[in-house]
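Feature annotations, courtesy of Swiss-Prot:
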type	residues	note
MOTIF	12-22	motif ''HIGH' region'
BINDING	CYS143, CYS146, CYS156, CYS159	Zn(2+) binding site
MOTIF	348-352	motif ''KMSKS' region'
BINDING	LYS351	ATP binding site
DOMAIN	594-700	domain 'tRNA-binding'
Amino acid sequence: MPRQLFVTTALPYANGNFHIGHIMEYIQADIWVRYQRMMGNAVHFVCADDCHGAPIMIAAEKVGKTPQQFVADIASGRKPYLDGFHIGFDNWHSTDGAENHELAQAIYRDLKAAGLISTRVIAQFFDTEKNMFLPDRFIKGECPKCGAKDQYGDNCEECGAVYSPTELKNPYSALSGVTPVLRDSEHYFFKLSDPRCVEFLEQWTTDTNPRGQSRLQAEVYNKIKEWLLPDAEGKRDLGDWDISRDAPYFGIEIPDAPGKYFYVWLDAPIGYLAALKNRFIKLAGDATTGAQHYDDFMADPATEQYHFIGKDIITFHTLFWPAMLHFSGRKTPNAVFVHGFLTVNSEKMSKSRGTGLDPLKYLSLGMNPEWLRYYLATKLTARNEDVEFSPEDFMARVNSDLVGKYINIASRAAGFIAKRFGGQLGVISDDGAALLKQIQIERTSIEQLYEAREFAKALRETMLLADRVNEYVDANKPWELAKQTGMETRLHDVCTVCIEAFRALTAYLKPVLPLLAAQVEVFLNIEPLSFASVSQTLGAVHRIGDYKHLMQRVDIKQLEALFEAQAPVEPDNIATESVAPGGEGMAPVISMDDFSKIDLRIAKIVNCETVSGSTKLLRLTLDVGETNTRNVFSGIASSYQPEQLIGKLTVMVANLAPRKMKFGISDGMVLAASHADEKAQPGIYILEPFAGAQPGMRVH
């Protein structure tokens with residue numbers, strides 16, 4: 001009987017474009033969904049933008065937009081990525097949609113009715129410069145568990161720990177750089193420490209789902225069991241979860257609690273349900289009928305629910321989320337599938353650090369999206385291991401395996417079928433039938449590997465089968481048979497076997513290469529392939545279409561362009577005058593040893609005043625993290641009023657010998673930029689580091 005599945009990927013935060021890590025996760029889930037549909041199962045594949053939280057509110061304010069406008073603009077840019085890489089979500093929604101507001105408040109009420117919501121006054125970090133309570137993501141410091149520096153206020157990207165912002169060591173505001181102060185605020189908590197929650201999670205995390213499969217990968221359970229197992233004193237790390245934030249906040253207001261909003265991590269996973277409900281409403285054409293269909297679907301014991309996520313958000317999805325669902329009377333996930341990070345040459349992909357492979361650049365260079373789908377699939381397993389992208393390996397796998405082994409089968413046979421036999425397939429001899437039988441026998445194994453998300457193994461088995469087909473071609477040499485008198489029947493037989501084998505291999509590759517498979521279906525003049533169709537043959541009366549080249553090889557120049565930091569600027573044909581950047585030529589090259597002699601430090605301008613007798617200079621009092629402040633003169637009076645600079649961070653040369661000037665001693669030099677021709681482009685601009693830098697930090 002066909003299965004009915006509800007499949008999601010992690011919701012991307014709506015503060016920027018997709019990076020390649022998003023695309024990898026979507027491709028992984030998309031392959032699994034396509035496999036399920038080829039098996040005859042019904043799947044609802046949904047996702048949404050994660051729209052709430054102070055970071056989006058603050059980002060929107062900076063660009064003069066409402067949060068709603070800001071996230072709408074982000075959402076409008078999703079389609080080129082999804083379409084470009086053939087990712088077939090059935091619905092893309094928003095956590096700010098009406099369905100999410102309704103579901104979040106309903107789940108909260110159910111948890112409250114179950115006695116699992118409490119309130120208490122907590123000390124919360126407050127930014128005295130910005131006059132606001134700081135969201136977790138705008139507090140940084142050292143992880144209280146592993147000591148990693150520059151970690152966010154709610155969880156550690158290094159060890160995965162989840163904690164309260166007040167547990168951070170050496171905290172600072174990411175908005176202003178100041179050390180925040182503690183102020184009291186009443187907060188709402190989900191009582192995860194309740195014995196009922198602990199007992200449920202101990203069972204759920206070790207249990208099997210109705211299909212007899214583990215809900216969590218072994219390595220994932222080994223990670224989260226640290227929260228559940230008592231220590232020598234009988235204490236657990238699993239504490240109550242703070243689910244509220246204070247206004248101003250862009251989010252969903254907590255019922256009967258004016259000025260209090262749900263923490264974004266409470267309503268974000270509920271966005272999975274909201275996206276599904278919104279899909280049913282769209283399918284039904286009206287809200288009432290669609291809502292009923294959603295309720296019926298989720299109440300059906302046969303419905304299976306699966307989440308694909310990255311290993312950095314395990315805790316939210318394997319502890320908080322199932323407990324919220326269970327104690328609000330809702331279905332819990334059948335399984336949570338966790339993958340690792342994508343790395344390039346062993347370096348972690350990170351949007352915040354500005355590193356990685358740009359998906360849109362990949363597409364704009366004319367690179368085939370199915371190259372990337374195939375390559376990532378050859379790396380993806382059921383474990384949450386990191387996926388390594390090597391440009392050299394990428395080119396070798398596509399050119400050698402995909403084109404050289406698989407595509408080559410059709411190209412070696414289709415021409416003879418068309419020219420010598422009018423496009424009609426022939427009768428298959430015993431040796432050809434034996435080869436096709438070998439391919440058919442592997443069907444169950446390959447199906448099981450796709451089901452288990454062992455895509456790398458499924459493709460490895462498929463390419464081993466392609467090797468056997470190519471060995472058959474090399475042994476029979478159709479190009480020589482075509483030259484020999486009386487060998488027409490054998491030529492027809494061999495080429496027919498190749499086409500039949502190519503068709504079966506295409507079925508095995510279809511979840512990974514959907515567009516190519518569709519082109520093959522047209523070329524072979526067949527109905528859409530399923531795994532069941534592998535067990536059949538087309539027969540001697542079947543006619544195929546004309547062969548057209550199905551896939552190009554990767555060009556090394558494309559890969560080189562993909563990983564260039566900046567595309568080279570092509571010179572115009574018309575001669576132009578060479579213009580030096582900033583109005584002056586670059587200085588002579590120096591060695592790293594020379595540069596390392598300069599000690600650049602972050603400095604805070606604690607005071608600034610004009611200099612009597614000078615129209616150019618300002619006197620800056622700088623905090624460089626030392627016991628005493630420094631006095632520095634800077635020729636920036638034409639661009640700044642003293643009060644504009646007080647409290648700002650800048651960069652200074654800290655080891656410059658003190659210089660005696662007419663107005664006093666200048667103990668260092670602050671860095672500022674200006675054009676060489678002040679008359680043509682007036683203005684001098686002091687350098688200011690990003691939020692998070694602290695006085696005394698060295699600039700490397």
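Cβ from N, Cα, C; glycine included.
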Task = With a Cβ cut-off under 8 Å, give me the same-chain residues at least six positions beyond the ends of the motif ''HIGH' region' (12-22) that come close to it.
result = 47, 49-51, 53, 55-56, 59, 70-71, 74-75, 77-78, 81, 94, 310, 341-342, 349, 351, 356-360
Note = Mapped onto three states, the DSSP assignment of CYS146 (Zn(2+) binding site) reads coil
Task = Kindly state the mean pLDDT of the domain 'tRNA-binding' (594-700) in the predicted structure.
result = 86
Task = For the recorded Zn(2+) site formed by CYS143, CYS146, CYS156, CYS159, name the remaining residues of the chain with Cβ within 8 Å of the site's Cβ center, in chain order.
result = PRO144, LYS145, GLY147, ALA148, GLN151, GLU157, GLU158, GLY160, ALA161
Request  = Return the residues near CYS156 (Zn(2+) binding site), defined as same-chain residues 6+ apart in sequence whose C-beta is under 8 angstroms from its C-beta, sorted by sequence, else 'none'.
outcome  = CYS143, LYS145, CYS146, ALA148, TYR163
Remark   = Students should find that the Cβ of CYS143 (Zn(2+) binding site) has, within 10 Å, a number of other Cβ atoms equal to 22
Query = Who sits close to CYS159 (Zn(2+) binding site): which same-chain residues at least 6 apart have their Cβ under 8 Å from its Cβ?
reply = CYS143, LYS145, CYS146, ALA148
